[in-house]
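A.B. asks: First the structure, then my questions, so here it is.
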């Protein structure tokens, strides 16, 4: 029998009055919901939030360590990004957002003694049990329990801050025939889950309110947004923006200043190249702050100008307007603003404005930032004066300002475009000797210059230097491949092309295939050229018109005619196995408007190097299945982290097997499909290799029976595993010799050098940050250790 602490006993008084003016709520029957109530009394049910949102642990830490779920971090919201150290997103304002009052009858008010006793017993025993036993106990009460009784139990769980137990009770309630939607209870459950960092469960209750035709309370919007923003590494920023927009557009609420500022801070917390896509949302936040007559923080102006400076097309008028508004508000332009202005002007090649802003930086008496010199170099380069850019670089070093990676990248880019070979080689040697990282962009610029100058021997030497120091990529190999074709070394080009095709970390694309096709045509090897053409047709790559004409002419000489081939859209065996592995790791599928047609949504973590590599590989492997918008990226670095396939009936089998009513499940025959390639892609997408050598796999969806089939299937391959359940996900772990055996099985199908990437990111598991946020709960943890058979 499970035991509980004395504090688990139910309180005789379970009232939780909090008031919120809610214009969209229809008058409900008392006493279930009271829109105007007294202040919260200490002796009553206190389910108000703790001072801050608990730090949401990573999925891996939740699996390996026994974390304290009650640990809180009051400074969680003031330690990130542009606004570090600012207290204008404080928790006390979060506390001020109030939710509807929930009133529950006192236990002694219930007429039957036996009912009071049973409810008291449930309140005492239920919180100690895990999911399976928890549900069985509730099912055993169906003959007598009512909605009011279950509401009392749920609210008691909230009082003792066992929010997972409260969510289980509430989820069980909504499945009963007697359930009637209770807006106040749903709001309270969602708010408590959000404060506890359980964003998925909070979002589930939130969406249930919307489906009931109710607008969630302001507190629910506010708490859910803050919970999303608290997810590590900003993985749920997009979801936070979605809820924020709904809060204003659907709810008609006016968020507090702290919420505006917290969201804006998250939008500008990433690097410029990534954050520039957040400009539209940042402008929307700024618009809402201004139109609600709230004070605009200085860093909001600075952040907006910073975002505008990274845009491909500079909105000069908007930057001028923001600077004017900033001055009218009484704020001085700091160094960060001046550097952003220089960056914007330099992209336009406006030397006069760039130098004028530079003069303002000099007058400020502050330390001269390296980025300001980079902007000056950019401005002079755009006006056709690359040697002045070089003078800027030398001036920076003369003033004992150490160059950084960005400055080396910029000056090498400028000098390679100017075809200054000796200067570029000298700069490149300095860069390499500095032991700085991120050499790849400089190597690529150098190789492009050698290509333009037909210096193919130096290009090959640069290629060899690069692969010795950097992780190879498709662009690097494509440049080298084109160089080999230009000099007529088709045999070597064929070898390089084969390496690209066989190495999943590199892969081929439209450009590399066209280069190889031109190479075979120049060598008049029409048989091999036809094979490349067939491969391109299958992958739906665009064939250059002149190459197609030469191929047709060459084959005509051999009395062979190329006819347009109708490519049958069918997943090959490798693609099917890859897709199964990704689905086990959490890839989503959805139905299209047309019946029997489905779409696969590939989504990867932007903050994961391992997922970045896997993203390029999956994009290349499923290229023919992707939508036209997703296929338009030839440069691997520009491939989005989210892309989808075309709707096709061929995916129906996988939807039927892996999804039930939109929720992920495990197929009954999954134990037969666990081939080495399936396991490898499951590991690469939703797994991790710990520094100790242990391997962990995250399993999305399914129940204990399905997981047991997987464990037993692995056991037949002499792989003993342990399974833990955390929240809604199962974690399958291999330790010691079992991890070594598992690695030997999957290693032939794992991308080259992928293990080192996934080991470094041991705490980043899965495809979606939101999936990791509920794993720190005290949810049931089922041990399915196959050693029990021994």
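Positions of Cβ are set from backbone N, Cα and C atoms, glycine also.
Got these off Swiss-Prot a minute ago, pasting:
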COMPBIAS  771-790  compositional bias 'Acidic residues'
REGION    762-790  region 'Disordered'
REPEAT    182-216  repeat 'PPR 1'
REPEAT    217-254  repeat 'PPR 2'
REPEAT    256-296  repeat 'PPR 3'
REPEAT    299-333  repeat 'PPR 4'
REPEAT    334-368  repeat 'PPR 5'
REPEAT    369-403  repeat 'PPR 6'
REPEAT    404-438  repeat 'PPR 7'
REPEAT    439-469  repeat 'PPR 8'
REPEAT    473-507  repeat 'PPR 9'
REPEAT    509-543  repeat 'PPR 10'
TRANSIT   1-56  transit peptide
A.B. asks: Please give the sequence-distant neighbours of the repeat 'PPR 9' (473-507): residues at least 6 beyond its ends with Cβ less than 8 Å from one of its Cβ atoms.
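C.D. replies: Non-local partners: 440, 443-444, 447-448, 450-451, 454, 456, 459-460, 463, 466-467, 515-516, 518-520, 522-523, 525, 528, 613, 616-617, 620-621, 635-637, 751-754.
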A.B. asks: Helix, strand, coil: count each for the residues of the repeat 'PPR 10' (509-543), based on DSSP.
C.D. replies: 27 helix, 0 strand, 8 coil
A.B. asks: Reported in the order helix, strand, coil, what are the DSSP residue counts of the repeat 'PPR 2' (217-254)?
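C.D. replies: Residue counts in helix, strand and coil order: 28 helix, 0 strand, 10 coil.
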A.B. asks: Work out, from DSSP, the number of helix, strand and coil residues along the repeat 'PPR 6' (369-403).
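C.D. replies: Helix, strand, coil within the repeat 'PPR 6' (369-403): 26 helix, 0 strand, 9 coil.
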